[in-house]
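What follows is a single structure, written as structure tokens, with notes after it.
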Amino acid sequence: MTDEIPTRKQSFVTRITGQKWTRYHVRVFIHTFIIYVLFHAARKTLSTVKPSLINVWTSNASNPNGAPLFESKQSAAEFLGALDTGFMITYAIGLYICGYLGDHYNPRRILALGMALSAISVFTFGFVTETFHIYSAPLYAILWISNGFFQSVGWPLVVCIMGSWFGKTARGTVIGTWSTNASVGNILATLIASWTVNIGYQWPFLIICSGLFFYSILIFFHLPSAPWEVEKEVREEEGKEQMKRNDSERPPPLGFFRAWLLPGVIAFAISYLCLKLVNDGFFFWLPFYLHNGLHWPESTADGLAAWYDVGGIVSSIIAGALSDRMKSRTAIVFTMLLLSTGTLLAYAHSPESYYWNAFLLLVVGFFIGGPLNMIAGCITSDLGKSEVLRGNAEALATVTGIIDGTGSVGSAIGQWLIPLVRNWFGWDAIFYGFMIMVVLSALCISPVLWRERKENKHQKVSQKTDDPVNRMEMS
């Protein structure tokens, strides 16, 4: 008995994805999807309970024998902003390092270790400190900032594993659907928080971190990093006497600095810096804005914030499928970024209506989350498997770390600025700043779009020139 997918199902899968799947492909797709869902859910939990944290830290409950941990809610909010900034700084540094390690060492083992350490640090931050009433700003800072480094293991290594199994032949439909994992993780965290925060903000931390820790053990033993780990079994399933070199042997890794010079890497890295600042602004501060700015109850604000991620999920799937029918993914990202400015302006002036907010958040998430996931998933995968490499070197994890790491630098700057700008100029100024950043993001990739258009025109001219010659040869 083999593990090959039945013929009828296989033909359907092949039509949708453009390649043949074994059960190993299915296992890798599902495991890597769930891994990053749990990673992002653990990261999102802090932002869903910020109002509760601020209330505890500014009350006498945080220090029964003296003054509270923070004297005002503004100082507590600024500390949370500093935590987010510190998190994103170590996250950015870690992405550069872990992306490089993913192309040099076994990504499964590094991934499992990062998951376990992240689960422990977040569990201690949210559950242990509240349960045992240990309120210490330095302790919070150490735990959350170190969590940034542990979390950085996630994205470059799951992209590396997916790339090893699906390669450059993977269609945008597959990668677009798979890259919704971050948005699904955000929704999972907000729903768990909205259901449990009223009985104590520590419970969302306990639930999500337990899942992340136990799944790290599971994938350590059951996730094949690449076809060369299960070469014999894959050969039997596919009925081949020998596999191609790029499937059965791991190609040598490309150097970190050489990866920066691959076509399009610098442009998309800077573009992602601008875009991730905006997306992570929603990620870290949307529930707080809905509670503090629009005065929704905390549990309601958590549930309402999930609509932003729903928009991102829908957009990623549609944009990924659409990119399979177009010669350039860059054109889709560029167009959606320009359209997102209008949606941000509309949301900045949205009425205090639950249904209007849900609808506008859905639209904003569609035009922000879609391009973000396209760059982080489909385009990064294309760049890391560039034709320049021709299978002679491996750079997918390194390129992923470069682009996501650069984006996280922008996010770190944003998390430091957002509470300050809100205090100085109000929430509207933040949304206008977001509009400027998405326009800059689009401008950064405009040279890539221009180059692709020139290449497409050149190909069309070449095809027209070659047609008469081909007909003469056939005759």
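Numbering starts at 1 and runs along the chain as it is shown here.
Keep in mind that glycine also has a Cβ here, set from the backbone N, Cα and C atoms.
Quick caveat, the model's predicted, so the values are computed rather than measured.
TrEMBL lists 463-475 with the feature compositional bias 'Basic and acidic residues'.
The domain 'Major facilitator superfamily (MFS) profile' annotation in TrEMBL covers 28-453.
Sequence annotations record features per position, and here TrEMBL assigns region 'Disordered' to 456-475.
The transmembrane segment feature in TrEMBL is assigned to 24-42 (among others).
Counting same-chain residues at least six beyond the ends of the transmembrane segment (79-98), those with a Cβ under 8 angstroms from any Cβ of the stretch are 46, 50, 53-54, 57, 70, 110, 114, 137, 140-141, 144-153, 155-157, 256, 280, 284, 397, 400-402, 404-406, 408-409, 411-413, 415-416, 418-420. According to TrEMBL, the transmembrane segment annotation covers 79-98 (among others).
If you look up TrEMBL, you'll see 110-129 (among others) marked as transmembrane segment.
Taken from TrEMBL, the feature transmembrane segment applies to 141-166 (among others).
Per TrEMBL, the feature transmembrane segment maps to 178-197 (among others).
Sequence annotations record features per position, and here TrEMBL assigns transmembrane segment to 203-223 (among others).
TrEMBL lists 260-285 (among others) with the feature transmembrane segment. Counting residues 6+ beyond its ends, the transmembrane segment (260-285) has Cβ neighbours under 8 Å at 44, 46-47, 84, 88, 186, 305, 308, 337, 364-365, 368-369, 371-372, 375-376, 379-380, 383-384, 386, 388-389, 395, 399, 402-404, 406-411, 413-415, 418, 430, 434, 437-438, 440-442, 444-445, 447-448 in the same chain.
Annotation comment: TrEMBL describes 305-323 (among others) as transmembrane segment.
Feature annotation from TrEMBL assigns transmembrane segment to 330-348 (among others).
The transmembrane segment annotation in TrEMBL covers 354-375 (among others).
What TrEMBL records for 395-418 (among others) is transmembrane segment.
Residues annotated as transmembrane segment in TrEMBL: 430-450 (among others). Long-range Cβ contacts of the transmembrane segment (430-450) within its own chain (Cβ-Cβ under 8 Å, at least 6 residues beyond either end) map to 264, 267-268, 270-272, 274-275, 277-278, 281, 328, 330-331, 333-334, 337-338, 340-341, 344-345, 347-348, 368, 371, 410, 417-418, 421-422.
Proximity of the transmembrane segment (110-129) to the transmembrane segment (395-418) is not established, fewer than 3 Cβ-Cβ distances being under 8 Å for residue pairs spaced 6 or more apart. Within the same chain, the transmembrane segment (395-418) stays apart from the transmembrane segment (305-323): fewer than three Cβ pairs sit under 8 Å, each pair at least 6 residues apart. Within the chain, the transmembrane segment (330-348) has long-range Cβ neighbours (under 8 A, six or more residues past its boundaries) at 275, 315, 319, 322-323, 360-361, 363-364, 366-368, 370-371, 374-375, 379, 427-428, 431-432, 434-435, 438-439, 441-442, 445-446, 448-449, 452. Note on the domain 'Major facilitator superfamily (MFS) profile' (28-453): its mean pLDDT in the predicted model is 86. Taking pairs at least six residues apart, the transmembrane segment (305-323) and the transmembrane segment (178-197) share three or more Cβ pairs below 8 Å and count as touching. Beyond the ends of the transmembrane segment (24-42), by six or more residues, the same chain brings 3, 5, 111, 115, 118-119, 122, 151, 154-155, 158, 161-162, 165-166, 174, 178, 181-182, 184-186, 188-189, 192, 208-209, 211-212, 215, 219, 222-224, 227, 230, 233-234, 237 to within a C-beta distance below 8 angstroms of the stretch.
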